[in-house]
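Sharing the feature lines straight out of Swiss-Prot:
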| type | residues | note |
| --- | --- | --- |
| BINDING | G79, 82-83, T87, 89-92, 107-115, S119 | 5-phospho-alpha-D-ribose 1-diphosphate binding site |
| BINDING | G79, N110 | anthranilate 1 binding site |
| BINDING | S91, E225 | Mg(2+) 1 binding site |
| BINDING | R165 | anthranilate 2 binding site |
| BINDING | D224, E225 | Mg(2+) 2 binding site |
Amino acid sequence: MLKRLLSKCAEGKTLTEEEAYEAMATVMDGAATDSQIASLLSMLCLRGETVDELTGFVRAMRDRMMAIDAGDDVIDTCGTGGDGAATFNISTAAAIVISSLGVKVAKHGNRAVSSKSGSADVLERLGINIQSSPDAAKEALETNGLTFLYAPLYHTAMKHAAGPRKEIGFRTVFNLIGPLANPARCKRQVVGVYSTRYAEKLAETMRRLGSEHVLFVTGRDGLDECSIATETDVVELKDGAIRRFVITPEEVGLPRGELADVQVHNPEESAALLEAVMTVTAPESAVNIVALNAGVALYAAGKTKTIADGVTMAKDAILSNAAYRQLQRLRAKEVVRDA
């Protein structure tokens, strides 16, 4: 089956949704060779993936993940990664802020692959447990309002593609579909995308898969986050409609900042800067970029009617130390201690 589908791709043809499902299922069930996986990923990268293909791939990935029953009122803040900007873990900081405001967050993430610091790396440095069972994850969500879903634990079938992905080295379709396969089956998300040219395709894919409100964001300085230093391109899926717009820091009540203020070299620096944001001892740009991204998430969650209102609410949570108190709660509940 996979040989036939590879031949079809080699002829420049695209796969149907069902063919894409079968191709990804073959990969994730361990029935494809490393050469076949590398060939598929390479051809898709050169040609570009269609919405049918993305939908089939995500369906196959979701069908093989270990899911948790988190209810309908859960949001995720996750990115494709690979933006090369070496920023601290902004989406992780935003997740802590919005969870301090009563919005449940199922943060889906991994260790660093191409970045300086993955969300798992920085949470460990902060003393927050990342490797929990589905039952423990659900309990953390109910008691703390935030749980971290460590991708390798919930997507064990991904191990079959790990070798080829590492060997070829470039971004693949897995960077795009990973954020679309949250084990909590979130219908509301903010997804950072390393290139805005993928955003409409991803939005249409999520529409087909039943998402309610998702914003795909790309800073014009290359961030897979909303940028504090320049404009951010946004593609929004809301109630079945898709629209594109641009947001600037100024229009949501924030001054423009410096990208250098949010860049780090390693997980230790990232954790230190995240904590400094929570204690309001970080550079203003760092505090504001977290407020901006948290504000977008509050809007996606339906907590506010506008992004600007969300930013105001998020910044108040930081300045009032509500976000820092939430960080301390997460440490108290899930701190990792050596035996």
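Any Cβ shown, glycine's included, is placed from N, Cα and C.
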Compile a sequence-ordered list of residues in the same chain as N110 (anthranilate 1 binding site), six or more apart from it, whose Cβ lies below 8 A from its Cβ; state 'none' when nothing qualifies.
G118, S119, A120, Y150, A151, P152, G178
List the same-chain residues at least 6 positions away in sequence whose Cβ sits under 8 Å from the Cβ of G79 (5-phospho-alpha-D-ribose 1-diphosphate binding site), in sequence order, or say none.
S91, P179, V191, G192, V193, Y194, D224, E225
On a simple 10 Å Cβ count over all chains shown, which one of the binding-site residues H108, R111 is most densely packed?
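Compared across H108, R111, the most Cβ atoms within 10 Å surround H108.
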Provide, as an integer number of angstrom, the distance between the C-alpha atoms of H108 (5-phospho-alpha-D-ribose 1-diphosphate binding site) and R165 (anthranilate 2 binding site).
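With the alpha carbons as reference points, the distance is 20 Å.
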Just to be sure I understand the packing, how many Cβ atoms besides its own are within 10 Å of the Cβ of S91 (5-phospho-alpha-D-ribose 1-diphosphate binding site)?
25
Express the distance between the Cα positions of T87 (5-phospho-alpha-D-ribose 1-diphosphate binding site) and the residue listed as 'anthranilate 2 binding site' as a whole number of Å.
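T87 (5-phospho-alpha-D-ribose 1-diphosphate binding site) and the residue listed as 'anthranilate 2 binding site' have their Cα atoms 23 Å apart.
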Residues with Cβ closer than 8 Å to the Cβ of R165 (anthranilate 2 binding site), same chain and 6+ apart in sequence?
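Correct list: L41, T172, F174.
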